[in-house]
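Participant: Before I ask anything, here is the structure I am working with.
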Amino acid sequence: MRPNIETHQNHTRRKPISILPKRIILVRHGESQGNLNSATYTTTPDYKVPLTEEGLIQARIAGTELRRLLSNDGTNPHWRVYFYVSPYERTRSTLREIGRAFSKKRIIGVREECRIREQDFGNFQVEERMKVVKETRERFGRFFYRFPEGESAADVYDRVSSFLESLWRDIDMNRLRHNPSQDLNLIIISHGLTSRVFLTKWFKWTVEQFEYLNNPENCECRVMQLGEGGEYSLAIHHTEEEMLEWGLSGEMIADQKWRASAHKGQWNERCPWYLHAFFDNLADTDCDDSSDEPCQDQDELVESCPRVAVTEE
């Protein structure tokens, strides 16, 4: 699936592939005090929750691994990185520790971006109340449930969509100061749910597919890499086993593999979940009263890509 496909295609038609980022990498923050002890949120505003010592170490390790990836283990000298970071303390600290792995000349820019902040759970959080609220969310649905005085994942989706529009304008107008002779890598340091929403918007996954996605681990990365035809894919850097662990279904993984070599403007007819999610009785041919041809039997409909049941942790 494609992010706002008409706008996205228009941008890439105007600009050659060489000016597009080679990679867009989503990184969840390191372990925070809130991850370690949920009672932290009863006394500390969410945006002020710091990293633990383990979280700082995780971020440094992530920085080293990212540098190795971008430099192809030191064999590629022609690369640069641009960072986007959520304004929360734990994401800013993660950025600082990741930044230790990069020299100044490698970083062409850093931008704090409020639209990729954590889902708002509603000011100070009363622990017992939050247990009840989260149980209610499971019954109501993770995407549409809005926390009292806070946000739903759907609200996060809306602001992430706005961020993506701005991101494409920045790329289209070369506001990132990208030299086409260098590989440009965008690293977005954010939060677990925000990253899942980002991918859902980008690849046009459905709400149902979002509900099956598992949260990234602390400092875990999702690498979207530009394929030879101009599509971004998770399957270039990541294995099928990894994507299954994240909660992608078989058809979603098949689509990622298709994207790795697909040319911009093509449409993946092999895995049309965007049809199967809404229709279960479509025939391959028209069937009207004026036609002498018999209607195609429903059993002969084109089979969709195999579905893999993934249980959310």
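Cβ from N, Cα, C; glycine included.
According to TrEMBL, the protein carries these features:
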type	residues	note
ACT_SITE	His29	active site, tele-phosphohistidine intermediate
ACT_SITE	Glu118	active site, proton donor/acceptor
BINDING	Arg28, His29, Gly30, Glu31, Ser32, Gln33, Gly34, Asn35, Arg90	substrate binding site
COMPBIAS	289-302	compositional bias 'Acidic residues'
REGION	289-313	region 'Disordered'
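Walk me through the surroundings of each of these features.
Facilitator: A coil conformation is recorded for His29 (active site, tele-phosphohistidine intermediate) in the three-state DSSP classification, outside any helix or strand. For His29 (active site, tele-phosphohistidine intermediate), other Cβ atoms within 10 Å of its Cβ number 30.
Sequence-distant contacts of Glu118 (active site, proton donor/acceptor), defined as residues of its own chain at least six apart whose C-beta falls under 8 angstroms from its C-beta, comprise Asp46, Tyr47, Ser86, Tyr88, Ser190, His191, Leu193, Thr194.
Long-range Cβ proximity for Ser32 (substrate binding site), meaning a same-chain Cβ under 8 A and a gap of 6 or more residues, is found for Thr40, Val49, Pro50, Leu51, Thr52, Gly55, Arg90, Asn218.
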Participant: Taking the recorded substrate site as Arg28, His29, Gly30, Glu31, Ser32, Gln33, Gly34, Asn35, Arg90, identify the other residues of that chain whose CB atom sits within 8 Å of the mean position of the site's CB atoms, giving them in sequence order.
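Facilitator: Checked against the 8 Å cutoff, the neighbours are Leu36, Val49, Leu51, Thr52, Gly55, Thr94, Asn218.
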Participant: Rank the binding-site residues Arg28, Arg90 by the number of other Cβ atoms within 10 Å of each Cβ and report the first-ranked residue.
Facilitator: Arg90
Participant: Within the chain of Gly30 (substrate binding site), which residues six or more apart in sequence place their C-beta under 8 angstroms from its C-beta?
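Facilitator: Residues satisfying the criterion: Leu51, Thr52, Glu54, Gly55, Leu56, Ile57, Gln58, Ala59, Ala62, Arg90, Ser93, Thr94, Glu97, Asn218, Cys219.
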Participant: Are there residues of the same chain, six or more positions away from Gly34 (substrate binding site), whose CB falls under 8 angstroms from its CB, and which are they?
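Facilitator: When sequence neighbours closer than 6 are ignored, Gly34 (substrate binding site) has Thr40, Tyr41, Thr44, Asp46, Val49, Arg90 within Cβ distance under 8 Å.
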Participant: Under DSSP, is Glu118 (active site, proton donor/acceptor) part of a helix or a strand, or is it coil?
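Facilitator: Coil, per DSSP.
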